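Here the structure is laid out as structure tokens; the discussion comes afterwards.
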Amino acid sequence: MAAPLLENLSESLGSPEPAVRLLLSILIGYPCALVYRRFLFYQPATVIHLFNTFAGLALAAFNFGPQIYHSAVCVLVQFLMLRLMGRTVTTVLSSFTFQLVYLLAGYYFTATGEYDIKWTMPHCVLTLKLVGLSFDYYDGGKEPSQLSSEQKIAALPSVPSLLEVCGFSYFYGGFLVGPQFTLRSYQKLVAGELSDCPGKPPNSIVPAMKRFALGFLCLVIYAIFSPYYADSYFLTDEYDAQPFWYRCVFILIWAKVILYKYVSCWVIAEGVCILSGLGYNGVVDGEHRWNACANMKVWLFETSPLFGGTISSFNINTNAWVARHVFKRLKFLGNKSLSHVTSLVFLTFWHGLHSGYILCFSMEFFIITVERQALALVRDSPLLTKLANSALYPLIYVVQQFLHWLFMGYPLVPFCLFTYDKWLKVYSSIYFCGHVFFLVAFLTMPYIRKVLVPKKERSETKQD
């Protein structure tokens, strides 16, 4: 009965059935959160863990059928590592190696040249969650003076039970598409501590509905425009026949549209977390905040003219996880650039094994490096600083946004087309303009700096 209904719904929406199943599963999180608020909030922790576990498993089975055993295996192995190996570096390294290798093996055996919704999609979210669990358990055995403020908040004072790990792993608000959160946050949720009304369900219905409405708006925008800006158009003769400027503008608009696919899912899923209470983030300036599970800063995403601004507004929890568990843990290297590169390498393989991911994240490092050089140039040059603060700023902003989204879409091409033959065809059609632009900018920046920045400011900056 359900299968024909889903087929009819996917046909009417013009979306593949797996995508419809995924969207419905994210939306089912809202009634699950309402059930928790109405019937389970005052129940013992065991009952809540069981509800979260079975709800997440049901959603996994609805989407991926018997392949849910992959997540079950990894959750069980992670629990046994914590129980049997204790708070040791070996536990962390074993967890990191096992979970990442299992994910990569899944990519190897299931990946195709298309965007597929398979069991590996939620499993990449689970991988970070389980590896982060091993780090937090390890940190719980250290002296508080040895921990950063972030580590103190997430550190686990004792080993969790298997049921607790299952509830944490399969929590319906974050199992499929995220966001990332720590076991300590989950424990506070189960204990009823994440509420603006201590001891009572949180007053989070309005904040949750606001995020749902925003996510639904993004989903509508994507549904309306995505048929006109499909990935497949890049590979057609019609695209090749268009003028150069049209091909570039198409990449710009396509990037904006394609990202709404991720934005809509994350914002709607955030609403589920807010409704349950997991999104509660305390009081700031006398106001209750509900952004603990925010994976998107939509306003910053839409208005920032900087690559760094877009990156910091997008997939926030994953970036924060990598910063906390990879970048900052590599402090002993004594080199931020090396830590940054290592973090991007990790993100590359965490996304998958396609060559497009490698190219995308390598270009991200290059683009961010050039942007930082450009910002330093504007800051240190009196002429450029005056120009940036002049009446011409609105025009500069428009030009900057155009370049920003053009070259934001540029590395997204291999990210979304995956394979070498596809993204090379697109880049060839626009003469590798992004590569040329940033290579020229990178090579000429030192000479431009000598011309525009006084010698005194150059020496002071170098000393800093």
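Here the Cβ of each residue, glycine as well, is placed from N, Cα and C on the backbone.
Keep in mind the model is a prediction, meaning the values are calculated, not measured.
Annotation comment: TrEMBL describes 20-36 (among others) as transmembrane segment.
Nonlocal intrachain contacts for the transmembrane segment (48-69), taken as residues 6+ away from its ends with a CB within less than 8 angstroms of a stretch CB, comprise 18, 21-22, 25, 28, 32, 35-36, 40, 117-119, 122, 163-164, 166-172, 175-176, 190. The transmembrane segment annotation in TrEMBL covers 48-69 (among others).
Beyond its flanks by at least six residues, the transmembrane segment (89-109) meets 70, 73-74, 77-78, 81-82, 118-120, 123-124, 127, 130-131, 133-135, 137-138, 349-350, 352-353 of its own chain at Cβ-Cβ distances under 8 Å. The feature transmembrane segment is assigned by TrEMBL to 89-109 (among others).
TrEMBL lists 212-229 (among others) with the feature transmembrane segment.
The transmembrane segment annotation in TrEMBL covers 244-263 (among others).
Beyond its flanks by at least six residues, the transmembrane segment (333-350) meets 100, 103-104, 124, 127-128, 322-323, 326-327, 357-358, 360-362, 364-365 of its own chain at Cβ-Cβ distances under 8 Å. The transmembrane segment annotation in TrEMBL covers 333-350 (among others).
Annotation comment: TrEMBL describes 390-408 (among others) as transmembrane segment. Beyond the transmembrane segment (390-408), the same-chain residues lying 6 or more positions past its ends with a Cβ under 8 Å from any Cβ of the stretch are 248-249, 251-252, 255-256, 304-307, 310, 367, 434, 437-438.
Here the transmembrane segment (428-448) has long-range neighbours at 239-240, 244, 247-248, 251, 363, 366-367, 369-370, 373-374, 377, 406-407, 410-411, meaning same-chain residues at least 6 beyond its ends whose C-beta is under 8 angstroms from one of its own. Per TrEMBL, transmembrane segment is recorded for 428-448 (among others).
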Tertiary contacts of the transmembrane segment (212-229), as residues 6+ beyond its ends and Cβ separation under 8 Å: 13-15, 23, 30, 250, 253-254, 257-258, 260-261, 263-271, 298
